[in-house]
Each structure stands twice: as C-alpha cells, then as structure tokens.
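**Student:** Quick paste of what TrEMBL says about this protein:
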| type | residues | note |
| --- | --- | --- |
| TRANSMEM | 34-51 | transmembrane segment |
| TRANSMEM | 63-83 | transmembrane segment |
| TRANSMEM | 131-153 | transmembrane segment |
| TRANSMEM | 160-179 | transmembrane segment |
| TRANSMEM | 191-211 | transmembrane segment |
| TRANSMEM | 232-258 | transmembrane segment |
| TRANSMEM | 278-307 | transmembrane segment |
| TRANSMEM | 328-345 | transmembrane segment |
| TRANSMEM | 351-374 | transmembrane segment |
| TRANSMEM | 435-454 | transmembrane segment |
| TRANSMEM | 460-482 | transmembrane segment |
Amino acid sequence: MELILLGIGGILGSGVYVLTGSVAKDIAGPAVTISYMIACFPTLLAAICFAEFSVRIPQTGSAYIYTYVTIGEVWAFVVGWIFTLDICVGNAASVRTISGYIDELIGSKIRNFTLEYIAGGPINHPPFSQYPDLCALFVVIMITIILAMGISISVKITSLFTCVSLCVMLFISCMGFYLSDIKNWKTEGGFAPYGFSGIISGAVSCVYSYTGFDVITTASEETRNPTKSVPIAICVSLVVVMLVYVTVSVTLTLMVPYYDIQPDASFAAVFQQHGFVWAKYTVGIGAVCGVGISVFINTICISRIIYVMAVDGLLFPALARIEQCNQVPVVATVTCSAFSAMLAVFLDTDFLVKCKSVGCLAGYIITSACVLILRYRPIRNNDSITENGSIAAAHEDNPLLGQTTSSCTAADRALNYVLSVGVFKHITHGKLPGLAILLMTIFMLTLSAVINFGTDSWNPWAICIAIVLGLAVIICFTVISMHKQEGTRLKFQVGSRNTTT
C-alpha cells in the first residue's frame with residue numbers, strides 16, 4: 001500500500017493541473033479523455049519493463065542502473081542524462097503551474113507587477129515565457145530548503161499534501177458533475193473538434209502526465225518483497241491515475257466549452273466563471289499541494305540518480321557528497337533545483353511539457369529495448385559454476401550481471417547456428433538478436449516519422465517508404481522471435497558493483 005500511495009503521489013498532480021486545460025483547448029478538445037486513455041497504454045508497457053528490471057536489480061538508480069547492467073557504461077551515461085534533464089524539465093513545468101495558481105488566487109498581481117516593473121511588457125518570443133516567472137523561482141527555493149532539511153520532514157509534508165490533494169480532487173469531481181452541461185460537447189466541432197490527429201497529438205502530450213512511476217522502482221531497494229509488490233504497485237498506480245485523469249477531464253470539458261478554458265489555471269478559472277469564487281480558492285490550494293507532491297518526489301528521485309552516477313565516476317565527485325546530519329545529497333539536490341529554476345523562470349509551460357514528453361519517450365524506448373537485449377544475452381564460455389549450482393558469468397564490461405541459467409535444446413542451438421552463418425558468420429553468437437533489436441527500433445522510429453509527416457497528402461513515395469519500413473520491422477521481429485531466450489537471473493549485492501558468487 002505504501003508503494004501504491006508513493007506511485008500515485010509521484011504520478012498524480014502534474015497531469016491534472018498542467019495538461020488537462022492546455023490539451024483540451026489547443027490540441028484535442030473534449031476528446032482529451034480519449035487521449036488520456038491512449039497515453040496510458042504505452043506508458044503501462046514501459047512501466048512493466050521497469051518492473052521486470054526492478055525485481056532483478058533492487059538498487060537505487062532506476063533506468064540508469066538498468067542500462068548500466070545491460071548495455072554498458074556509455075549508454076547508461078546517456079540514459080542517466082536523459083532522465084535527469086527530463087525530470088528537471090518536468091519540475092520546471094510543475095512549478096510554473098504552481099506559480100500560475102498562486103497568481104490566480106491573488107488576482108494576477110504577480111504577473112501584472114512583473115510585466116510593468118521588471119519585463120517592461122510581454123515578451124513575445126516563443127519558447128520564452130511572456131515574463132520572468134519570479135514566483136516559480138521562489139517556489140523552487142522553498143522546496144529545495146525543505147528537501148535539504150532531511151527526508152523525514154519531506155515525507156511529512158508530502159503526506160499532508162497528498163491528503164489535501166485527494167480531497168480537492170474529490171471536490172472537483174462532485175462539483176464538476178453538478179455544474180456539467182452536455183451541450184458543451186456539442187459546440188463548434190463536437191466532441192473531437194480537432195479530429196483523430198488531434199486525439200493522437202493529445203495522447204503524445206498526455207504521456208507527460210503518467211511520468212513518475214519510476215519512483216516506485218527507485219524505492220525497490222527498501223521493499224521487503226519487490227518481486228511481488230513493485231509490479232503490483234506500478235500497475236495499480238497507473239490504472240488509478242488514469243481513472244482520475246479521465247474523470248477530471250470529463251468534468252472540466254462539461255463545465256465549460258473547450259475554447260473558453262484557461263490553460264494556466266483551468267479549474268480555478270472555470271469555477272470563477274460559474275460564480276463559485278470560494279471554490280476557486282479551494283481548487284488553487286489543491287493544485288499547489290498536488291503539483292507540489294510531484295516536485296518533491298521527482299526531486300528526491302533525480303537526486304538519487306545523480307548520486308549513483310557520481311559514485312560511479314560519471315559525474316563530479318562533489319555530487320556524491322552525503323551530508324552526515326540528514327543523510328541527504330544536498331549538492332545534487334541543489335544542482336537539480338537550480339537548473340529547474342532557470343528553466344521555470346524563462347521558458348513557457350507548453351514548450352516545457354513538449355520537451356518533457358520527448359525525453360520520457362526516449363528514456364522508455366531505451367529501457368524497454370534493454371529488457372529484450374538482456375533476455376537474449378547468451379552464456380559465455382568463461383562462466384563458472386557457483387556452489388548452489390547456478391552459473392556466474394565473468395562479464396568485465398557489465399560487472400552487475402550475475403547468475404545465468406539456460407535451457408536451450410539441441411534444436412535451438414542448431415537454429416542459432418543457422419542464423420549465424422553466411423553474412424552473419426563474423427558476428428559473435430547471441431549478438432544477432434541485439435542487432436535486430438537495434439535495427440527494429442530505428443525502423444519503427446523512422447516509420448512513425450514517415451506516417452506523421454509524409455502521409456498527409458498520401459504521396460506515393462511516402463506510402464512506398466512506409467511499406468518498406470513496415471516489412472523491415474516484421475523481418476527484425478521474426479529474427480528476434482526465432483532465437484531462444486536465455487533464462488537469465490541477476491544477482492546484485494547492495495552497496496557493491498561486483499558480481500557475487
């Protein structure tokens with residue numbers, strides 16, 4: 001239950017208050033509810049991959065440590081930086097949302113003061129924001145100070161914010177259905193005014209709202225039974241969050257026409273339009289608490305990833321410093337917060353959300369591919385038998401790879417031999433599935449780009465390229481499927497990078 005609540009707290013909040021209004025108004029319309037459902041499916045598949053890795057390697061580091069085990073230090077460094085930038089960008093978008101709701105509660109006084117006395121007028125140069133968001137800077141400073149005071153204080157504040165946020169979301173749902181009007185789904189284009197392309201584009205943006213489940217895998221090291229509890233917590237958290245997102249998006253688009261939604265503080269503005277000024281303050285407090293939870297949890301998660309990378313020598317040693325008084329990596333926490341503050345002050349929320357979604361997809365693709373690579377990794381000839389009868393591999397390039405077992409039959413070995421002759425005869429045994437996985441990933445990304453940008457007018461060349469790339473994906477998938485999966489297990493000793501035998 002603690003892991004489920006942790007996952008819900010890490011995922012929920014940003015999507016409700018950051019994305020729902022902007023996606024409904026500019027991208028998908030009332031069909032944002034469908035976009036949330038579509039976005040949940042690929043995220044759930046990526047989450048299952050994270051769950052498999054977490055039960056194999058119950059160690060702090062999340063996607064970084066998983067990539068380190070599978071394909072080595074270089075790719076782990078890339079993935080670590082992808083997730084670091086991804087979370088920093090997400091935190092910047094979240095604190096801008098908090099700033100927007102605070103400004104809405106006090107009558108836009110911060111915005112007007114900044115435009116008049118600091119910026120000298122709106123800055124109309126996207127992706128920069130119209131004015132420097134100094135309130136967002138203040139929010140980041142306050143969160144950093146609280147996190148630097150110790151994990152115990154952060155947990156207490158997070159628990160309090162979670163209770164407030166859940167109560168406010170229940171209030172939004174009840175009041176939303178009370179003020180709902182089905183006519184708002186029938187104005188200017190109906191339920192899907194931007195068509196199917198708008199629903200898909202909205203789903204791409206809504207991927208951002210499901211990020212944060214990897215905080216569960218980060219906490220797997222402290223879990224008693226991660227093999228069972230971590231996968232259950234991830235799946236239950238995503239399903240619960242999806243239901244909440246669908247419910248609040250339905251209520252929002254039923255309360256007001258999609259073109260009248262105010263993206264920065266959508267729910268507070270809607271209640272004010274209906275004359276419930278007191279409800280505006282209730283929603284504003286809930287938004288600050290809900291989004292604040294995700295910023296707290298994500299900052300704790302990313303500081304741990306940076307700490308592990310620094311311990312491995314991939315970042316500056318100062319980032320691996322732990323304060324003895326509170327056991328917090330203060331330098332790593334302050335560094336992440338400073339970068340997030342810089343982004344939040346100068347960049348627009350919509351641009352930050354788009355960057356966040358791209359980073360999420362890139363990190364999830366690499367981690368998911370690592371699952372396949374690990375499953376098809378062969379047994380080396382220099383493996384040694386341990387005392388309990390398992391096989392311990394002596395991999396110098398991947399020192400975390402521990403015990404390996406195999407159940408390949410003679411037919412499977414013969415099939416692998418056939419696939420390794422001819423043009424592939426110089427490829428090391430077992431590397432062919434990895435090559436096929438890499439090529440399939442490249443072909444699928446290229447196919448997606450062709451479908452998205454080249455098939456609007458149904459040009460013959462675009463259709464031909466799409467067909468060729470589709471066949472290439474099928475061939476790569478067939479090559480992977482013809483190989484026998486190795487029954488690989490990972491044995492990791494907490495606090496050590498070495499194989500235990």
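Cβ from N, Cα, C; glycine included.
I'd like these features described in context: how deep, what's nearby, how far apart.
**Tutor:** Under 8 Å from some Cβ of the transmembrane segment (131-153) lie the Cβ atoms of residues 91-92, 95-96, 98-99, 102-103, 110-111, 114-115, 118-119, 122-123, 292, 295-296, 299-300, 303, 325-328, 330, 333-334, 337, 340-341, 344-346, all in the same chain and six or more residues away from its ends.
Within the chain, the transmembrane segment (160-179) has long-range Cβ neighbours (under 8 A, six or more residues past its boundaries) at 5, 8-9, 12-13, 16, 244, 247-248, 250-252, 254-255, 267, 271, 274, 276, 279, 282-283, 285-287, 289-290, 292-293, 296.
Same-chain residues lying 6 or more positions outside the transmembrane segment (191-211) and placing a CB less than 8 Å from one of its CB atoms are 11, 14-16, 18-19, 22-23, 27-32, 34-36, 38-40, 42-43, 86, 90, 93, 185, 238, 241-242, 245, 258, 353-354, 356-357, 360-361.
With a threshold of 8 Å between CB atoms, the same-chain residues lying at least 6 positions outside the transmembrane segment (232-258) that come near it are 3-4, 6-8, 11-12, 15-16, 20-21, 24-25, 29-30, 32-33, 36-37, 40, 43-44, 47-48, 50-51, 169, 172-173, 175-177, 179-182, 184-185, 187-188, 193, 206, 209-210, 213, 216-217, 266-267, 270, 273-274.
Among residues of the same chain six or more beyond the transmembrane segment (351-374), those with a C-beta under 8 A of the stretch's C-beta atoms are 18-19, 22, 42-43, 45-46, 49-50, 52-53, 63, 66-67, 69-71, 75, 78-79, 82-83, 85-86, 89-90, 92-93, 96, 126-127, 204-205, 207-208, 211, 343-344, 433-434, 437-438, 441, 445, 480, 488.
Within its own chain, the transmembrane segment (460-482) is flanked in space by residues 372, 376, 415, 419, 432-433, 436-437, 439-440, 443-444, 446-447, 450-451, 454, which lie at least six positions past its ends and keep a Cβ under 8 Å from the stretch.
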